[in-house]
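Each remark here refers to the structure printed beneath this line.
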């Protein structure tokens, strides 16, 4: 491929712009839905943690201004999204969430200032250790962007679907990584380490998109089955009392009372049944023969 430094600068600028604004769709999505369910807070915190190292690298290397501004915008937007995770996800108040994000922002800013002022004199003097440390900052920041996706993969595995994560963010990250790789190719001085890191970011983001294409339809079908089962269970619970009310139970046979010999019949059978009179003859008096001697009365 022919070298074209100007075209390389164009691709580098496009990739930088993509990485600056890629968090904006996520912030908008979380604010609109008032929820960060499915979005890993560790993802945003680790991405924000890459800011001071990448900023120190760009400033020490005296890269163009857009490349210097990129990590600052990126880290700030990541902390805003992390603040939303604390409010919507952890149910903290806006004041507490904003205070936590501000403290983290100041800590990261202090790390950036410390790295720049501690290495600039040695770096300008051509010290090899300072140069190696600066290169490490650039590599470490890119590694943090890749490592930050690991908590999101854990969240995807736990939920069996990709929710809470903006698809626009993923596509912007993929496009930005591809532009960065093309920028390295057209510049003529291909940095192998940077190329591997950019390609790794593209692969990881494409993996998340693949998970969304495969797992989300399955999760939707699973929810539909659960809704059908719930509706069937509810309808059965409603119809069961009505069916029980329609059942005709057989008449229970009447039990005779052992203390009486009188059998009570219903009115219909009482009218049809013959009346049987049981007449008991009166008791007969026993008559004894009268004897004259027995009737004698002494005077």
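Each residue, glycine too, has its Cβ placed from N, Cα and C.
What TrEMBL says about this protein:
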TRANSMEM  6-28  transmembrane segment
TRANSMEM  40-60  transmembrane segment
TRANSMEM  66-85  transmembrane segment
TRANSMEM  97-117  transmembrane segment
TRANSMEM  129-150  transmembrane segment
TRANSMEM  162-186  transmembrane segment
TRANSMEM  192-215  transmembrane segment
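Counting Cβ pairs under 8 Å that are 6 or more residues apart, the transmembrane segment (40-60) and the transmembrane segment (162-186) reach fewer than 3 and are not in contact.
Taking residue pairs at least 6 apart in sequence, the transmembrane segment (129-150) and the transmembrane segment (192-215) share three or more C-beta contacts under 8 angstroms.
Looking at 66-85, 129-150, 162-186, the range that has the most CB pairs within less than 8 A of the transmembrane segment (6-28) turns out to be 162-186.
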